[in-house]
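S.K.: Let me give you the structure first, and then I'll get to my questions.
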Amino acid sequence: MVELDADLDHIVPSVLPPFWAKLVVGFVSLLCFARSYDGDFVFDDSEAIVNNKDLQSDTPLGDLWHHDFWGSKLSSNTSHKSYRPLTVLTFRINYYLSGGFHPVGFHVVNILLHGSISILMLDVFSVLFGGLQYTGKGQRVHLAPRASLLATLLFAVHPVHTECVAGVVGRADLLCALFFLLSFLGYCQAFKETGNKEGTHSSTFWVLLSIFLGAVAMLCKEQGITVLGLNAVFDILVIGKLDILAAVRKVLHKDKSQENAGMFKNGGLLFRIALLTIGGTSMLYIRWKIMGTGPPAFTEVDNPASFADSMLVRAINYNYYYSLNAWLLLCPWWLCFDWSMGCIPLIKSVGDWRVIALAALWLCLIGLIFQALCSEDSCKRRILTLGLGFLVIPFLPASNLFFRVGFVVAERVLYLPSAGYCVLLTFGFGALSRHTKKKKPVAAIILGILLINALRCVIRSGEWRSEEQLFRSALSVCPLNAKVHYNIGKNLADQGNQTAAIKYYREAVRLNPKYVHAMNNLGNILKERNELQEAEELLSLAVQIQPDFAAAWMNLGIVQNSLKRFEEAEQSYRTAIKHRRKYPDCYYNLGRLYADLNRHVDALNAWRNATVLKPEHSLAWNNMIILLDNTGNLAQAEAVGREALQLIPNDHSLMFSLANVLGKSQKYKESEALFLKAIKANPNVASYHGNLAVLYHRWGHLDSAKKHYEISLQLDPVAVGTKENYSLLRRKLEQTQKKDV
């Protein structure tokens, strides 16, 4: 749009050639988020990446097409139904190239993706602001360079993108956006004017390619399918130049003139729309079939408004959520990793002052829609229509209009809609510049927004580098969010700071009295601190609120076992296994219960079940070896130990246990080798040196025995057994010396 570019002449004074403009955009976009390159895996990264077996070579590649984003089977009732196999495939490639779970490689890919998307945005915005125009050679002319550069810079430095770029799971949104834009630009290629029959075939090819790229975008994230809707809007309103207001007037006045009807007969519009419709319907059908058991089941804490009884309350709150999303685009200062669990209290009546936000949102939207429909300036109509299209259409899957979503507000879903916001903001700056004589204040405002947003990106990227910083940054934004307190507590507990963790877990339970995961974790800490009575109360309440909470049932069983209430403990363990059949840790704890009751066969069976379900379950293997050793079944203990070491060859505790068995079987040489390997792996364990000393003592290697007794006593000076054995050895050495004399 020449007029808009002229309006921005004093704000973006020099016209950069497309190559240099893309270079500037790429550099700025990378610079803003570069700080996150060496961050940890945080928040959802743990489940989607670190704990996702689909990333590892043990899982066949074909399984990716049957699993959700988190690695669960889509057919499972507990699946979130997030079907993003291409995104998971990129994680798997990252894992392979990085040689494991090294986050730097994952983060660098995300940063580069954002840079690539920002560069592509320059071409997209050129179409939105300047329209489509091709040279005689079929190359698209880069129109409205000033407006497209400004809008792209606003997009590149928008802080709301931090979650997508700095959080590795945000790659789903980045890949979706990449193929979304490629699909849109591909659709634009369908309108080259070649003037021959081959041009029709070329047009069909580009439309089909656009649909294919839309399908790829959807396989990265579900939001990708909305590009087909945007392409249809672009075709009808921009290419077809449909004047909606004029069409409505004709319908109201029963005007039968063919002025607007001609557009449906020229340029193959109906054919292209038919292709888009067939493609979109097919994609939706296949997606629904893949989903299997129906839509995912969300809880009230995930999306409280969707569980409200009154349709009016639901509508008010949904619209309030839209206004919050709009505010995050307009003023991205209050950013939070999670907006659920009381972060945004429900609006229950029209008397709530927050209803003003709804009114403000719709006042702005209606004003923009009116301008988009009624303006006599076709360029203005195009910019506003496509700006609103980019803002609204990609947001529709997150709007709760078609199905319930599992969140209240999510910054990641604003990645694509923010492009529409940048279009509208740039258009607004152009209008402001046109109607004011002093251009420098407008330029200063734009420069200020770019610098402040860039600085905010850098700060926010730093907060996403570690879970501790990320969770603590949310306290000032959402102090009523129980999940924020829960995550801070969990992080502190992982660091070993149980006292501080208890404080945050208690606050999480206070804010949400039905927060069973906080109750479970708090109960666990209290159990470890031997505060068994309160631990039992919390865990009992957790399973009462959520009867199928297997982890809470298991932990309740551990507490009951500690309280010597063995029958209740066994029942709790059995209930946990009923709700989670493949639960190796529960079988392990059940085995410990049976061992306490001297039900040795049952204990061995339980531990064997644990190792079948989880072959690397070292504790279960160890307990089997020790129990068989203590009951005199040395041959069986040796067989189990060898089997365990074949599966977990570098486990020093298994080496130690098997070495003890071999020593008792007088296989001294092999026992010595295992003891030495265990000590090499973990040299600071007193019992390793002490038991090796006992082996040497029995074997008659008294000097070696003396050496390892002394090392063991240095590590643990109060070990009674070691002190007694060392005294016996010293007496024996003294007697030997006397005989020699």
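Every residue, even glycine, has its Cβ placed from backbone N, Cα and C.
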S.K.: Please state whether Swiss-Prot assigns C220 and S378 to the same topological domain (same side of the membrane).
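M.R.: Going by what Swiss-Prot records, S378 is on the opposite face of the membrane from C220.
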S.K.: Which residue range, 266-286, 602-622, 623-643, 644-664, is the one Swiss-Prot calls transmembrane segment?
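M.R.: That would be 266-286, the stretch labelled transmembrane segment in Swiss-Prot.
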S.K.: When only pairs 6 or more apart in sequence are counted, do the transmembrane segment (147-166) and the transmembrane segment (199-219) reach 3 or more Cβ pairs under 8 Å?
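M.R.: Judged by the Cβ rule, the two regions do not touch, with the required three close pairs absent.
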S.K.: Three or more CB pairs closer than 8 Å, sequence separation of 6 or more: does that hold for the transmembrane segment (11-31) against the transmembrane segment (383-403)?
M.R.: no
S.K.: Between the transmembrane segment (167-185) and the stretches 199-219, 355-375, 442-462, work out which stretch tops the count of Cβ pairs under 8 Å.
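M.R.: Between the candidates 199-219, 355-375, 442-462, the best contact partner of the transmembrane segment (167-185) is 199-219.
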S.K.: Please give the sequence-distant neighbours of the transmembrane segment (383-403): residues at least 6 beyond its ends with Cβ less than 8 Å from one of its Cβ atoms.
M.R.: 1, 4, 128-129, 180, 222-223, 225-227, 229-230, 233-234, 237-238, 295, 303, 305-306, 314, 318, 321-322, 325, 365, 368-369, 371-372, 375, 410, 413-414, 416-417, 419-421, 423-424, 427
S.K.: At a Cβ cut-off of 8 Å, and with pairs 6 or more apart in sequence only, do we get at least 3 pairs between the transmembrane segment (266-286) and the transmembrane segment (111-131), yes or no?
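M.R.: These two stretches do not touch.
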S.K.: From the DSSP assignment alone, can you count helix, strand and coil residues within the topological domain 'Cytoplasmic' (376-382)?
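M.R.: Helix/strand/coil tally for the topological domain 'Cytoplasmic' (376-382): 5 helix, 0 strand, 2 coil.
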S.K.: Using a cut-off of under 8 Å between C-beta atoms, tell me which stretch among 199-219, 225-245, 442-462 contacts the transmembrane segment (355-375) the most.
M.R.: 225-245
S.K.: Do any residues, 6 or more residues outside the topological domain 'Extracellular' (220-224), come within under 8 Å Cβ-to-Cβ of it, and if so which ones?
M.R.: 82-84, 86-87, 172-173, 175-176, 178-180, 214, 287, 394, 397-398, 413, 416
